[in-house]
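Noted in Swiss-Prot for the protein shown:
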type	residues	note
BINDING	Gly162, Gly163, Ala164, Gly165, Val166, Gly167, Lys168, Thr169	ATP binding site
Amino acid sequence: MSDSIETKNMGRIVQIIGPVLDIVFAKGQVPNIYNALTIRAKNSAGTEMAVTCEVQQLLGDNCVRAVSMNPTEGLMRGMEVVDTGKPLSVPVGKVTLGRIFNVLGEPVDNMGNVKVEETLPIHRTAPAFVDLDTRLSIFETGIKVVDLLAPYRRGGKIGLFGGAGVGKTVLIMELINNIAKAHGGVSVFAGVGERTREGNDLYTEMKESGVIVEKNLSDSKVALVYGQMNEPPGARMRVALTALTMAEYFRDVNKQDVLFFIDNIFRFVQAGAEVSALLGRMPSAVGYQPTLATEMGGLQERITSTKDGSITSIQAVYVPADDLTDPAPATTFAHLDATTVLSRNLAAKGIYPAVDPLESTSTMLQPWILGEKHYDSAQSVKKTLQRYKELQDIIAILGLDELSEEDRLIVARARKIERFLSQPFFVAEVFTGSPGKYVSLAETIEGFGKIFAGELDDLPEQAFYLVGNITEAISKAASLK
């Protein structure tokens, strides 16, 4: 081994298997687990390469195995590797607002370098138990089905569950639109292993709506961190931690209330499974990594509210093959305060948002938190829809005419409720042509109260489809006659 390696803490690449690198160091100079290593060299075409990787395993004989955060094409055995002596560290604070970063904390929005004042390592411990905040309050989203049946907790963790193409990203974009704009604090968005086009659409939408202020970036209310589908698995596995580190700084140092959006937490698990296989670990159930629960817990326990400030997290969760018992969504369930489950059956009927009112849950749905009126209204909706679900087999075989008068009334009201739970979204105006609607919780409860009081039994059910509050449904019914 050459003198250069003896004098500096440098190593050499001895093996490259896709994004996994084996690197040998001088005796006594082996880097710690999670240390960042950098490779700066020229490839065979003479192009400058800058690759960062993270130590994952110590193999013995002064050799470590690291996972790359960048593409490894062009790397060769024998190239020099420098140990930075610390974990990946990313910029934090006001300088991150209005900018798009990659997993390494480098800006990728072609708007110049960031004046880095402070950096923090992406691997940090969760807040101590005694520092946690346990106050209970809900926050309004302006989306009827969510506010009524599965209300979100301020400073809690919320999961949006759904298979492919049922509307998770549109729902998360609407929540950003409704909450982030009215929200006094800051938001951090982590794009984990999703489409580049969606990230670009979100960025453009935020600039148009004033959430990102291009002329004075420090007035912006959001920081974006992207690691798209085409990134190596190491980057997709760590990008959520990069974004979370930025969010934690706003909470702990600036003492702000932070909204933290992740789209999609399943891709974090998926990337972890890829890395686990590349590192040669024995897979567990359905091919997932054996460390699935540990990795998920390590991320989720850091997303919490302390006495200094809060992080309210909204996470989209892809459900493979619509199977909620799959280990990835099942592990995520354990950490959440509210679950919004999207249904393919409702999406097929054209009811958007396709939120399943019976599957979606919230720990906040308690009479002593919400008040009796809200709680009773939510339970009446669930009871009616559950009875309608039970009657569907009878209707399919014998028809509506065979039902009792009481059951026919339940079916009629349930169909109106199902349609009234749909709503036009601001972010979907370009697809639907209908202007978006924000419905306050009071208006939502009032609307369902009128349906159950029988005041609207004579209105056609299509009057309730894709409207905002109940007044709109009544005026739509008048125009249908």
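Each residue, glycine too, has its Cβ placed from N, Cα and C.
Ranked by how many other Cβ atoms sit within 10 Å of their Cβ, the binding-site residues Gly162, Gly163, Gly165, Gly167 place Gly165 at the bottom. Once Cβ contacts within 10 Å are tallied over all protein chains shown, the binding-site residues Ala164, Val166 are led by Val166. The Cβ of Thr169 (ATP binding site) lies under 8 Å from the Cβ of Glu194, Glu198, Asp263, Ala316, each of these being in the same chain and 6 or more residues away along the sequence. Other residues of the same chain near the ATP site, with their Cβ within 8 Å of the Cβ centroid of Gly162, Gly163, Ala164, Gly165, Val166, Gly167, Lys168, Thr169, are Tyr318, Leu342, Ala347. In the three-state DSSP scheme, Gly162 (ATP binding site) falls into the strand class. In sequence order, Leu160, Phe161, Gly162, Asp263, Asn264, Ala316, Val317, Tyr318, Leu342 make up the list of same-chain residues 6 or more apart from Lys168 (ATP binding site) whose Cβ falls under 8 Å from its Cβ.
DSSP assigns Thr169 (ATP binding site) to a helix.
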